[in-house]
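**Q** Attaching a single structure in structure tokens format; questions to follow.
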Amino acid sequence: MNIATRARPLGAVQRREWTAEMIAPSVDAGQGTRQSFVAAPFTLPAGSRPMLFISALGLYRAFVNGRRVGNDLLTPGWTCYDDRIAYQSYDISDLVHEGENRIEIWLGDGWYRSQMMWRHQMIVNCWGDRIAAIAEIVDRDALVLKSDGNWTSGLLPITRSGIYYGEDYDARLERLEDTGSVSLVGFETAKLVAHEAPPVRELEPLRPVEAWDDAEGRHIYDFGQNAGGYVRFTVRGAAGARLYVDHAEVLGPEKAFDNRNYRSARAALGYTLKGEGDEVYAPVFTFTGFRYARVAIEGEAEVLSIELVPISSIPQATGGFTCGDETVNRLVLNTLWSQRANFIEIPTDCPQRDERLGWTGDAQVFAGTACWLGDCQAFLKKYLRDVMHDQRDNGAVPHFSPDPTRLHPEAVEGDWAGSTGWGDAIVTIPWQLYLHYGDRAALEECFPAMLRWLDYLWSISDGPIIRPNSVWGSDGFTFGDWLQPVGDNRKPRPTIGDDCAATLYHFISTELAATIAGILGNDAEQKRLEARAADIRGAFAREYFSATGRLAHNDQTSYALAFLHDLVPAEHFEAAKAYFRKVIEDADYLIGTGFIGTPALLPALTRLGMDDVAEKVFLNRKVPGWLYQVEQGATTIWERWDALGPDGTIYDPEMNSYNHYAYGAVCQWLFEDVAGVRPLASAPGFARVMLEPSILPALGHVSMWHETGHGRIEAGWGIEDGRVSYVVTLPEGIEAIWPAAGQANLEIDGKPADGRQEEIVLRSGRHEIGFDIRGE
């Protein structure tokens, strides 16, 4: 087992010198108990402009003179806490006055010590068992206050909280009393870095679209949208009356409230009234994923209002896509909502059940779509630093990061790292950051980790085919094409073509890393990796292609990845293309791919010129299919293609999330292939784009927009009388390439194109391109 990590540079993170101490409240009784605070007075002269620098072990929320500091949520955030912990900086000038002031720092268990993982591998006190805070108040350059042994502590009205647990709050205990002292915690302040990712913030609240009472008199509210966040309610009633709020993503048959898929995550709120007029409450140290809230009332109380408050690290959309099919438009919106709900500090798989982990496979297949829909540069770079810290000494990349199992190997069997398609995140995500933002620094920072990962893959290969082990925790284990719609394939059951998919990703990451080495000017590594990629290419052809050009497993994922990454030998190209078409036709145009095959399926088809097949696969309304989910009422992306039956029957709740963004990766295809705007590595960061739309007549018309570093790019097409009109608007700084070959009656801005040109270069401004559809 390899559980140690290797030291690495953190790159361009910001640090500061600290004189403060990390202090723990003496009243804290440990994980899962009543939460506590630390406090201190401080004095300021008139005209002060103080800054607060603050962090914590656990989560914190700070108050100065009883008023909340900032509006960030779940601070200091989630990192590999043994490596680095974020700190925040706030101007508190508007919260202070001349003379004596007071700061209180509320502390919660958070990711640091509340339950992580599911019931069979449950871990508590994951990164430590003591919550604590560190703070300094500085007025210009003068130190006003620092956390030290002179601070006091006390207990909060939050009687229990946890990421999976939810929160219990007793408003009768809101009068805080300094009943305890603090103790100094041994802590290296060099671990403190300025928050690397955007802060978690509230989005526009959602009001109920429907409400009703169940047979037991509990109030059920439908907010019309599945989201990651919490409820905020106003209640009036007698002191001691209690509200219990639990949550659900879906309703079963006959509108039955059903949250069995949360598994061991309680994900509920308990609120006890103080009985003093209208009382407003929202949780402080927790969140969950839900669309429905169920409120049970004990005693005399009335809910006056309630709303769902979505939260996210990426609250603002930077891209959009619409077309003539409203179910497709809803699919894009569902993907955006799944991204928002799962981009809370790190890219998680789901926001609701006893998991909510930063799965590397989910993140890497979705990274391209993520960068189209939101500004994810800082967010994903921060995540990559966690992944690099969790990388094992043998080069294996963790299945998820921050990785709770790394410090608690006794909780799991073997080492949860090293799966192809998951560990490749260390190569593919930096590449997306380079394409979308021109972030060469991300390539530089991650390149050593890429090499270690690729050397690990080579070490588990059979020169160079990877033959996966199906045992969790073993070297060579792979998730394969996770959740293919071919029956129950939870490990150790195989998915179709595990060996083929593993070897495909071995090639994909090796070839991509060779390209990255060239960009970084590392000629030696470029040559080494190019040679290795050539070896994998040759071995793949020998191992998996028959003499007739048929791939060994004859499955959609193998064909899609092989074609998309140019692994089909020239002598087999046309035959393999025919097999690819036939395997989809034989499936009645239903999807046969899982997590790693799905993002490749439609791009492979359209880039092979099989637009007709891609159109039928994409627009099918049956299960498995994207639009089946939409027509079943989904407002986010599901984990499983068959998460709900046509009659509303809920699939096995033991592994069934209704907010799981992976299959939303199809939106990258909508932007890059259907709308036809593709960033180019030759001029990254949208300095140059390729315009190459795939015209799918069933969509009617298409429109996209995206905010780049240069400004807003817009593009779209419509069809009239067999002729396509493609309109693109480019801001200053973006150059576009239109491949002119093979298009009938091509016109650029109303003028016939020069038939001798293979490519036409377009610069800033609005351009209209016309051509006959499919040569008509």
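Glycine is no exception: its Cβ is also placed from the backbone N, Cα and C atoms.
TrEMBL lists these features:
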DOMAIN    51-202  domain 'Bacterial alpha-L-rhamnosidase N-terminal'
DOMAIN    216-296  domain 'Alpha-L-rhamnosidase concanavalin-like'
DOMAIN    317-674  domain 'Alpha-L-rhamnosidase six-hairpin glycosidase'
DOMAIN    676-736  domain 'Alpha-L-rhamnosidase C-terminal'
**Q** What are the DSSP helix, strand and coil residue counts for the domain 'Alpha-L-rhamnosidase concanavalin-like' (216-296)?
**A** 6 helix, 49 strand, 26 coil
**Q** DSSP helix, strand and coil counts for the domain 'Alpha-L-rhamnosidase C-terminal' (676-736)?
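**A** Output for the domain 'Alpha-L-rhamnosidase C-terminal' (676-736) reads 3 helix, 35 strand, 23 coil.
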**Q** Could you pull the average pLDDT for the domain 'Alpha-L-rhamnosidase C-terminal' (676-736)?
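**A** In the predicted model, the domain 'Alpha-L-rhamnosidase C-terminal' (676-736) has a mean pLDDT of 98.
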